[in-house]
Amino acid sequence: MNKYKKLKATAFYAVLLLIGLLINLPIINMVGSAFKSSKEIFTNNNLFPHHPTVENFKNVLERTPFFQYVLNSLMVAIVVSIIVAVVSCLAGYAISRYAKKIKFFKHYSSLFLILQMFPGVLLMIPVVVLLSDIGLGDSLWGLILVYVSTNIPFCTWMISGFFDGIPSEIDEAAKIDGCNVFQSFAKIVVPLSSSGIASIIIFTFINCWNEYMLANVILKSQDLRTLPLGLQTFIMQFDTDWSSLMAASTMTIIPVLFFLIFMQKHIVSGLTAGAVKG
């Protein structure tokens, strides 16, 4: 019986490994292509290069202000993540503890998901016009404002579900000890919700780091480009520098890859708790 269980477990993990390799095949191909020459990338169909070279990475650093793109992306992603975390936590806590007690607002948090039903392309023209009218067109702060408004609804819904899992008796006990609402929230609820808060920060950070469409219509200046826009440099009208593009793409995913590896525990626990609605 034990032998059968071991065989079953081995087969199970072998299938998982195979599925994982298939899912990550494009990434493996991208990293392998980053070390191929411009000629080899069309002649070598294998995942890994026959003659590895780092010239593509040198080309990326020479042709583009790559580190400026990194700084722009970091600034946007960090600022948006902080603002979204603060606003979503306050709104999610209010919905979890107060709004749902009112009959009209019983399913109020679900209304935040309405924005997710509309494709972002519908908002592009109004967003660009509005940002131009208020003087934030072609600026990182305008992009930050748009990212904040588009990420808050889902993060509020997610963190409110997490707050639902924290007994309200804890808040009542804090009131008995002399804490007001904000003290109870900051000193008790927030520490208990660290995994949920971490998950919305990670979710928002990755969204901002990878977003292309809105950044493309808002940012026009070369020195304001984020990393996804910087990759456009290698896609020309009649040709594409695939080797340099793969190298730049590899450099782009490295920060997020390490970020996910170290924070994956928070992602799983936070998303799981936020998905449980009572």
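Using N, Cα and C of the backbone, Cβ positions are placed for all residues, glycine too.
What TrEMBL annotates here:
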TRANSMEM  12-35  transmembrane segment
DOMAIN    70-263  domain 'ABC transmembrane type-1'
TRANSMEM  74-96  transmembrane segment
TRANSMEM  108-129  transmembrane segment
TRANSMEM  141-163  transmembrane segment
TRANSMEM  184-206  transmembrane segment
TRANSMEM  242-262  transmembrane segment
| said: I'm a bit unsure how to read this: which one of 12-35, 74-96, 141-163, 184-206 has the highest number of Cβ pairs shorter than 8 Å with the transmembrane segment (242-262)? | reply: 12-35
| query | In the same chain, who gets a Cβ under 8 Å from the transmembrane segment (74-96) while lying at least 6 residues past its ends? | reply | 105, 108-109, 140, 143-144, 147-148, 151-152, 155-160, 162-164, 185, 189-190, 193, 197, 200-201, 204-205, 208-209, 226
